[in-house]
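According to TrEMBL, the feature domain 'Cytochrome b/b6 N-terminal region profile' maps to A:31-267. Positions annotated as transmembrane segment by TrEMBL: A:79-104, A:140-158, A:170-190, A:202-224, A:236-260.
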Amino acid sequence: MSLERKDDHDHGAWLESRDDLSHIETAYLTVLMWLDKRLRIVDYLELLEDLYYKVNMQMPKSHTEQYGLDNKFWYWYPLYALGSFSTLAYVVAAISGALLGFYYTPGAGASETSSLAYQQIEFIMLELNFGYFLRSLHRWSAQVMVAAVFLHMLRVYFTGAYKEPRELNWLLGIVLISLTMVFGYTGYLLPWDQLAFWAGQIGVEMSLSIPLIGEWVAQLLFGGFTPNPATLQRMYILHVFFLPFIVTALIAIHIGIVWMQGIAEPH
Amino acid sequence: MTDDTDTTDERTDGGETGIVPPDDETPAWSERKARKQGLSRLTYEYFERARREDQDLRQQSSYVERDVLGFPAWPHEMVRNLALTSFFVGMIIILSATLPPHIDAPANPSSTPEVILPDWYLYWSFGLLKLGFLNPELSLLGGEKLMTDRTYGVLANLVVVGIVAIVPFLNKGSARRPVEQPFWASVGVAGVVFSFTIAVLSIKNLVPIEEGLLNDLTFLLPIVAGFISYAVLKSMREGYMFNLNRRYYRLRPPK
Ligand code: HEM
């Protein structure tokens, strides 16, 4: 008796017997069978297929379609792109930000003239090829994102799209717009120029004025009661580590909910 | 190895696999769930109800379903999306190429600049911090303020965000379009105008308007804008109702 396992369903032989297949098809099937044997992909494909058909096969006629209302508010529709534009601007900011991250170093340590962070920004702006443009791109996409998010919120408000069953997405949206602004604020501090420093000062004062836990918050977020090297380090980690993960996840959930619930239509 | 009698399982390392093939004795998934206790039992019961409700609603419904699948994702939707995306990203690129960013002098803790400002999108928040003049002085405390102006400003921020957050829980019902809910639409207009006036207030040392007047305008303009849009929407609603009625009577002429 051989130790070789017997193949109940001899897919290999089946593949050999198919001489009508092109090279691409053969290669595809070989890879698929290899993976499936180890990972049972078939089951998951079935699940996906199921999902796909549930989502796409039978779309109920939309309200606008059913009552022939399309002509009445086509002029709202462009505004429905604002959420996607927020996402797009976020993606552009993420890519340009990652590239900026190759060259930027946080560091506000004492030196006679300027800090390490400031020198890195100077390097990016003056010496690095396209560095000027990269920083510009990052800033502009951030600004455009905030603008788009704000307008998106107005669109949702004025089309009454926050009503049942979409309250949760509205709340999630509030969190998102706040985090977007925190994103902007932490980024604003990174060049560690005069504007950054004094904006940091305002942030510290704001946290200090929270009753009871003010000092604790200032310590936690700013690492002290005046902007200092620890402040820059913390803003940096918030900006490039915490916020990207959190905001990306929340955007995914936000859009996932829109996908589940469908877009609200004006009645 | 090839004949059928030989196919008893020789491959296991020994003993049973412990996997019971489903037969009449084996509880189905729903039966297993139904036997559960406590919270999972409640969850199961609710899910069953909800599923039955869906089923009933679907059977009763006269809701028309499409017999088409919708637009094909490729090329229709994708071409449109690509066009919009490239237009939008192109716009950002043009902006950044033509309007490059600024960098200030290096941070210097010992010289406070004349103008301290965050990015424009935080002006509204910054403006709320400057609302100290509204902070009530309690005569009970001998003219003392209950909280410092700074605390008051931070609180104002929380209040504004909080109000925006609870909108869905205040405004219910199925009205969606502004003409159908003139009140809420004008509240929205007032809010938008306020976000601008409060932003202007935050840079009041740059605005050539006298301070008291600016403070008043900050709150008056939104109210005025709210009233105007309320009036406009109300009258638009009349026209809208007129059209609806006309259409209705055309379809069902009065006998
Ligand atoms: C990072 C910021 C945000 C992103 C990337 C985002 C993305 C999106 C997208 C892509 C949609 C699909 C519909 C559309 O594009 O209009 C959507 C819908 C929605 N968003 Fe946002 N959004 C953001 C912020 C907000 C904010 C600030 C709010 C409100 C406070 C909000 C509330 C909603 C609601 C309620 C819907 C459902 C609207 C409907 O069904 O018509 N979102 N969002």
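FYI, residue positions are counted from 1 along the chain as it appears here.
For all residues, glycine too, the Cβ spot is worked out from N, Cα and C.
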Request  = Would you kindly check A:79-104, A:170-190, A:202-224, A:236-260 and say which stretch has the most C-beta pairs under 8 angstroms to the transmembrane segment (A:140-158)?
outcome  = A:79-104
Message = Give the mean pLDDT for the domain 'Cytochrome b/b6 N-terminal region profile' (A:31-267) on the 0 to 100 scale.
response = 88
Inquiry  = Using a Cβ cut-off under 8 Å, which residues of the same chain at least 6 positions beyond either end of the transmembrane segment (A:202-224) come close to it?
reply    = 185, 189, 230-231, 233-234, 238
